[in-house]
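Undergrad: This is the structure I want to talk about, given as structure tokens.
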Protein chains: 4
Amino acid sequence: MTIDLEALYVDLHRHPELSFQETRTAGVVARHLAELGIEFEEGIGRTGIAAVVRNGEGPVVWLRADMDGLPVRELTGLEYASTARGTDPAGNDVPVMHACGHDLHVTALLGALERLASATDTWSGTVVAVFQPAEEHGAGARAMIADGVLDRFPRPDIVLGQHVTPLPAGTIGVRSGTQMAASDALTVTLLGRGGHGSRPHATIDPVVMAAATVMRLQTIVSREVDPRDVAVVTVGSIHAGLKHNIIPAEARLELSLRYPDDAARERVLAKVERVVRAEAAASGADEPPVIDVDHTLPPTINDVHATARLTLAFDRAFGEGTVVDPGMFTGSEDVSWFAREAGVPLVFWFWGGVDPAVYAAALAADRIASDIPTNHSPYFAPVLHPTIERGVDALVVAAREFLA
Amino acid sequence: MTIDLEALYVDLHRHPELSFQETRTAGVVARHLAELGIEFEEGIGRTGIAAVVRNGEGPVVWLRADMDGLPVRELTGLEYASTARGTDPAGNDVPVMHACGHDLHVTALLGALERLASATDTWSGTVVAVFQPAEEHGAGARAMIADGVLDRFPRPDIVLGQHVTPLPAGTIGVRSGTQMAASDALTVTLLGRGGHGSRPHATIDPVVMAAATVMRLQTIVSREVDPRDVAVVTVGSIHAGLKHNIIPAEARLELSLRYPDDAARERVLAKVERVVRAEAAASGADEPPVIDVDHTLPPTINDVHATARLTLAFDRAFGEGTVVDPGMFTGSEDVSWFAREAGVPLVFWFWGGVDPAVYAAALAADRIASDIPTNHSPYFAPVLHPTIERGVDALVVAAREFLA
Amino acid sequence: MTIDLEALYVDLHRHPELSFQETRTAGVVARHLAELGIEFEEGIGRTGIAAVVRNGEGPVVWLRADMDGLPVRELTGLEYASTARGTDPAGNDVPVMHACGHDLHVTALLGALERLASATDTWSGTVVAVFQPAEEHGAGARAMIADGVLDRFPRPDIVLGQHVTPLPAGTIGVRSGTQMAASDALTVTLLGRGGHGSRPHATIDPVVMAAATVMRLQTIVSREVDPRDVAVVTVGSIHAGLKHNIIPAEARLELSLRYPDDAARERVLAKVERVVRAEAAASGADEPPVIDVDHTLPPTINDVHATARLTLAFDRAFGEGTVVDPGMFTGSEDVSWFAREAGVPLVFWFWGGVDPAVYAAALAADRIASDIPTNHSPYFAPVLHPTIERGVDALVVAAREFLA
Amino acid sequence: MTIDLEALYVDLHRHPELSFQETRTAGVVARHLAELGIEFEEGIGRTGIAAVVRNGEGPVVWLRADMDGLPVRELTGLEYASTARGTDPAGNDVPVMHACGHDLHVTALLGALERLASATDTWSGTVVAVFQPAEEHGAGARAMIADGVLDRFPRPDIVLGQHVTPLPAGTIGVRSGTQMAASDALTVTLLGRGGHGSRPHATIDPVVMAAATVMRLQTIVSREVDPRDVAVVTVGSIHAGLKHNIIPAEARLELSLRYPDDAARERVLAKVERVVRAEAAASGADEPPVIDVDHTLPPTINDVHATARLTLAFDRAFGEGTVVDPGMFTGSEDVSWFAREAGVPLVFWFWGGVDPAVYAAALAADRIASDIPTNHSPYFAPVLHPTIERGVDALVVAAREFLA
């Protein structure tokens, strides 16, 4: 192995970058690709990179890793913890951390590329590696597509991707069907009428309107969705008013919605709109609320046949029992845009990053939820080994399964 | 009259200043006092001024005017509309407007002082004029008291004050008993547990906690206060969360409470605390919410005997029918600190600033609430005449009633 | 005095009758009227009685007492406590108690009639005594009017009435303007869609719809009515569903609304309708809710001039300090139908029935609300003396004030 | 076939009986068992019957059918629709309908018994047929166990049962793991303080307390349960108050809770209790609410190995594609008490009763939920063929799979 993967990972972890600002990260990737002699292009979709290893006839397999960090202040206490800062879209100076593990994704994909490029006698076909920016904004995949990545590189026959997750290191989690939820981000502006806090009758109180709306939105999941279906209606932010004694004119809610497929999306969106409008009417609002869909992420749906093949391939490579069904995740991803756009199958799997002994102890104590830091936590800290190795191996095994 | 009161008012209106920043205003007042040859001190309670006219034996009558403007962008379209800006306590650059009419209060008090000072043959006793800062923050009266105003000037036998209000110009509104409500400003911090928006079960959602709290707080007024009593529980601001898909760890509510007296205050505060704590418990919060009382304003209670004397005096001076019972106002004032601290009676009255024809038309159309801009509105614009004159006259009549 | 008023009261108290079933009570009244030689008619408005004492030229004064008891099981422990039972409108056998003091009203009116009839040399004019049924149903006054009482007897120049209340015995409470609230009784039927409790998504849950409606209705009083105005929105009953695991198709709410005048009535009714409809819409109801106004009671508004005359007359008769301002009562009465229909003034006052020492002790301990049983309580038990005497005297004084 | 199964079904459908009142039904079963010469006992668990076919060495297979109807007025319009009436536990005369298809269950089990009893050369072992009362009350299985059915008959090696459901006729639905939810029925009594509707401040309003509780209970499912888990919190009934203007002292909620296993049960029950207690505290209740668990149904968990064997057996017997995964049902059953008590595996499957063409049309129009009447609907009407035959065959195939 030419690349010291542990050193690479530690370096990336120390230097996280916010979405669409992954210039140093892309530079590190480019330097390694150049050293490996692999063909690549930079600056696709602003800060993305794609690389290609052409090895004769055969299927085209795309391997995707995302590169961006998060505006989180790292609290892991690790020797290599991030102290980086960045400028968020609102112009604020914020701490930055690889709290979602994309540093591991980049590390594993570079490792897998080296392995595949150095063993071209064992496979034929084409491997395209996509180092994607801005997954956290749900915008990077579409930016790369808009920038022509599907035309500038061999079009995929299959798209593969992976994500490190709080499963025991060594374990792979994958299921056919919906693996990650579709999601929408909505901003709802409730329009009331402001006035002095001592004279509520002269106002249309948007704080009460907002509170009633939040309470009513709960009933969509509790009453209107089949209890066996997955749906999430989160109000992630609520903002109204400047001070105690002034009733403001507006309230703003930011919602995050999750569902397993496009049909459920339509149903839930319609319900949210119905509730929001009716609650404004209940308040006697003069104007209906404004509902903006800020961004939409598609469901990450694993192809049933490709998933079955991959499951068996992982079993053969890593032993039976390595693959578990992680259930559907209610989090969302933008990787599937590549497969949707190309009209080809996708498989997206999870691989574990938690010390198995720690995991087992937490499980025994029924403290998984409280004791194992999840992605986006300031305490998120995958163990380096065997996490790095399993990430590399999984990509190599998966790529070979679909190459000739 | 030495002072051109209209010019003075227009000048003050063009140059409003935020609470405790009334340096230009105080300078204008000082210049006029000096020109009138009236004894005064500046810088009492940071930017306050007190002046005294000593005229032999007799009662000491305090006349109080407040001086500060509000962080409101003026929309009156008046030729003399304010374009001033100021720096609010949070350091933000904000527009400033005399949206509460304190410019009129200062104008009327200076006019009254000149009248009283130039007619010392018609009364005896002592008049103290208090130009108070920071009424809008509920802090100026206490700041002047803390700075010794009650000791540095003759202690009052009675405290008198007035406020311009959306009654027809010419009309005076006053009642005995509670004229303006007591109020408290509370900040409630609800403590949940943050997490990813797709995994609500791993969080204690403070947005839902806040919404449920707001809805439950409504029941204090609707169910727990005697329908015949005045009580207001306003949630003037609600803030939680940064973005759609992150459930925050906390929510912050700012409440403004109003009641007619100290006993009601205790009852309502206890109810608010009960509701806030129980709703946190309903959410399974690990920690109880934090409730801070940011500031407290006492009730403005007019002395029954002094109010009766004043009512008759106004009737004699302005004709029967001039005085109306405006009802209790749910807004609050800090003028009563002077009288409470000195242990003397207070009378605080309202005087009208709306063109009587406009008022009558709005009344006939049942559009008072919608058509007549109230104090704190960006459209608040008292007519100059006879508002200025009535404000001066009212102070003079009132002062003389209680002087010898 | 011919009539033994204490014996009469005890007899009536022992034999309460439900609304429109006051046949025994009416019989007792009729027997006494006959013994006194006073002209009367029975059966007016089903079980009502009116009597007339004609005494030459002069005003016609109507004195009204209501006669019905309540479906309450008496718990006073009094020697003369009621053990009576009756059949309520739904056909149920229920306990009956004079829990509102109408037995005292009848007693006092008979006593006053005897006094007036035996002293015709001290006044001239006409006294009409109305013994009204079914005040508790808000239906008796209209029933008597529909039955022609205003035509069959001399039309009033003024209508007077009184109600025993938990003030100290001896005290009279009266105010000009709204003395008792207007009220409406509404039944709201919320239409959902039923189904099995395990499949909420296949239903439109009327229990949640009802709960959201109840919570939202609170905001009418807490946010939409001027805090200085009196308004009550009570949901007195809520009913939906038969068992745990069946989601019902409907929910039914019964509301009692209170307001000081007809304008407020219109405003609040419109708000209630707005909230109820919007909450059904928020639930996605297929059909709008059904709102029925079951009955309406007008405000009891005391004529300002007549009240002033009466206040002075009571002061003269009973000493200054006898009359207090009881504030507006949020309970309602149907007495004003007589005055409204005739287009004449009304005065309706309260007189105290609590042992003054007991009252003073409760007041000192701030335990009035908890320790003094109010009207409709199963513990309601006016002291006999001086309550009976003061009730008689008040009617006589009041009648004479308005007679010649 | 001796028994005319269609005639038997039609007869049972015409004569449904309520829970624990299945005497006619049991009589019909007994008559057929007697005609078939099968050993049986009546009156087990009040109205239950068990029958046994002994056929040499081999496993003991229990086949269970439930017998009771529901208090539903049949609206199917079928020629053989029920017009029966019964007396419910509260003593009310109510219409009765086989709205859950238990008539089919009895028919199929008698048919299967005859088939097995007439083909004893094709299997060996013991078949026990359990005709259980009162499944709808969740009480019949335990009643039969309490009455010794597990001791009076050969103890099972496996328990099998089936339920007709709105799948296409011919289809069988079964899954390993939780097939039907565990459930609890709770009654919550909220204790307030009653009073007159015009004086809410003198009461602790249980209607508002109940409404707030219902709204807050929604957040358990919407926020506190993993969106991927199944949980239902239904408030099936809410009752408080007698009339518009009396605020009652109590409110009563009846809840139906659903979860996949015993651990989830404990978690959700704790959350419900937390919310209910906190909402009472938010209302300032003097006494905590009373929470009664009225009955508990265990989860119906299909043994993973037995379900796999059965799935393959059905595939062989009826063709591949016959068996579908119906998902977990949120409804509950008491059949698993037999297997839990005996400590043996259970398989409980569904079989379709809807005309396949009707089903396909509804599916195409996305109108399954609206157009296909489900169990407990007054329109529930399985097609007779091939539903009866498939029900018999399924039992015979299943029994033989586990017999020698």
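Placement of Cβ uses the backbone N, Cα and C atoms for every residue, glycine included.
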Undergrad: TrEMBL has B:Cys100, B:His102, B:His163 binding Mn(2+). Which one of B:Glu74, B:Glu79, B:Glu136 is in the same site?
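TA: As annotated by TrEMBL, B:Cys100, B:His102, B:His163 share the Mn(2+) site with B:Glu136, chosen from B:Glu74, B:Glu79, B:Glu136.
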Undergrad: Determine which residues of this chain, when B:Cys100, B:His102, B:Glu136, B:His163 are set aside, have a Cβ within 8 Å of the centroid of the Mn(2+) site's Cβ atoms, and list them as they appear in the sequence.
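TA: Everything else in range on the chain: B:Asp66, B:Asp68, B:Leu70, B:His98, B:Gly101, B:His105, B:Glu135, B:Asn375.
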Undergrad: Where among the binding-site residues B:His102, B:Glu136 do you find the Cβ with the fewest other Cβ atoms within 10 Å?
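TA: B:Glu136, out of the binding-site residues B:His102, B:Glu136, has the fewest neighbouring Cβ atoms within 10 Å.
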Undergrad: What is the Cβ neighbour count of B:Cys100 (Mn(2+) binding site) at a 10 Å cut-off, with all protein chains included?
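TA: Looking across every protein chain shown, the total is 26.
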Undergrad: Write out which of the listed binding-site residues, namely B:Cys100, B:His102, B:Glu136, B:His163, lie with a C-beta under 8 A from a C-beta of chain D, sequence order kept, or 'none'.
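TA: The answer is none, since no candidate qualifies.
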Undergrad: In sequence order, what residues of the same chain, 6+ apart, have a Cβ less than 8 Å from the Cβ of B:His163 (Mn(2+) binding site)?
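TA: B:Gly101, B:His105, B:Glu333, B:Phe348, B:Trp349, B:Phe350, B:Trp351, B:Asn375 - these are the non-local Cβ neighbours of B:His163 (Mn(2+) binding site), listed in sequence order.
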Undergrad: Reduce the DSSP letter at B:His102 (Mn(2+) binding site) to three states and note it down.
TA: helix
